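Here is what TrEMBL records for this protein:
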type	residues	note
TRANSMEM	15-35	transmembrane segment
TRANSMEM	55-77	transmembrane segment
TRANSMEM	122-143	transmembrane segment
TRANSMEM	163-183	transmembrane segment
TRANSMEM	189-209	transmembrane segment
TRANSMEM	278-300	transmembrane segment
TRANSMEM	320-341	transmembrane segment
TRANSMEM	348-368	transmembrane segment
TRANSMEM	410-427	transmembrane segment
TRANSMEM	439-458	transmembrane segment
Amino acid sequence: MEKADKINQNKQSKYQNICQVTHISLGFLFLYVAFNSTQNLTSILLDQDGYGKLGFYSLGVQAIFQGIGSLMSSGIVNKFGVKTSMVLGALFNSSWVLQSLIPAQRYYNQDSDNWAYSETFYYIINIIVSAASGFMGSILWVAEGKYISECATEETKGFYFSYFWMFYMQSQVFGNLIAALVLGEMDQVSYFIIMSVIAFIASISFAFLRQPKKVATNEEVSISLFTPENINLSSAHNRESTPDFNSSAGLLQSQMPKKRGFWNDVHRVWSLMISKRMLLFLPQLLWIGVSIAIYSGLLVTIIQTSLTEETIDKKNEKSMLALVAFGFGEIFGALIIGQIVDRVNSRIASLFNCLFIAIATILTIIFLKHEQYNWFTFLMAFMWGVEDGSANTHALEMLGFEFDDNTDPFAIFSMFEALAVFIFQIIQSRVNDTQKFIIYIAVVGGVGTVMCGATYFFSFKEKRSNNKELMNQEQ
């Protein structure tokens, strides 16, 4: 009776951290409404403001330093804590939004001789701030993954990560909508001031995050019941149903605080990265970076192949409106895969990732064959959002629960994501006509299906647990 009461109490309390997850999700929503919309506009506006291709260089530098920071981000988060790490990371991202005021001011003062508007000065400022933003951004995301992992359990991991991703990807909806409107309706300076204020407020909000409440899993409930007064040593039935003492002790020992050190954390990240389990998961992490490169660098260009008769401003506006559908797709994909993880398992979820990539690839090829801006354009953008939201949410829950530590895996994710973004942005800069678009999307989509399909063969904890139970039953 006591055991049943404790398990029922556990079921009722497993969502007790929903307020904490909502808090961090809203913070990321507002931070990335500002950051994503600025990122989507930076290449276009810097070119218009007289800085040439600096926007592409800026995003490339961010990706490089995000990868560099990923090696050390786990140690930094463990040393300074989740809240401090998130505040610092978000403040540097906000500073990157703020520095966009310099080219915006120059656009309206083109005849000024002010040294602050010189190309040399702004190139230096932009590259430095971009590098710092990329480095600290990796710390922000590792801290986020650790925090949500501490809020969730095995039973709620899919729900919590998809819940967070749903909020976060609304920034793509609102960010792209704002980007579409700003291209013709708002003064650049006013826009970046507003976005900077929003970003800094969101950054400070992370300082008020509450400590996640500890939610006992069913296995931990069993361990808590493993006391002398609850065990009848003379009962054969009880001997058969008693939790395994060795496995219980092992779990308790694994939950004891481990000695941490910065360089130990760095070494541990490297060791995990070359482990057999992680090597099988790395292709999906790389694919997520490829997906980011496609929607942030190539998707707009593909959409604009159907807008040859429009003005430049109109092309940009319609492209950003289509990406609003992409944002809704991100939300849908995150929710769907979260339910599959919780109701079925992570192994089957990997097959859905492959399906979504295949559909997005086929739709894009069809679009490129016809090159017409209509409802099909929005459907194509929506499916790219679905595959990206699905692959990301699935990866996040695996990073948080399939490994012994919940900071090191996120550091590796950040590193390989950044590496793939940088490499494929360079490759995509060479893809400049419809035929090349078709070949590139077909090849990358096919490879992406295989990359995410590799996760199906990952050694999931749930599979290993089932195998152990079968072995015990046979004995």
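Count begins at 1; order follows the chain as displayed.
For all residues, glycine too, the Cβ spot is worked out from N, Cα and C.
Remember, TrEMBL labels are computer predictions, not curated facts.
Long-range contacts of the transmembrane segment (348-368) within its own chain (CB-CB distance under 8 A, at least 6 residues past either end) are made by residues 284, 287, 302, 305-306, 333, 336-337, 340-341, 376-377, 379-380, 383-384, 386-387, 390-391, 394, 434, 437-438, 441-442, 444-446, 448-449, 452-453, 455-456, 458. Pairs of Cβ atoms less than 8 Å apart link the transmembrane segment (122-143) most often to 55-77, out of 15-35, 55-77, 278-300, 410-427.
Between the transmembrane segment (320-341) and the stretches 15-35, 55-77, 163-183, 278-300, 410-427, Cβ pairs under 8 Å are most numerous for 163-183.
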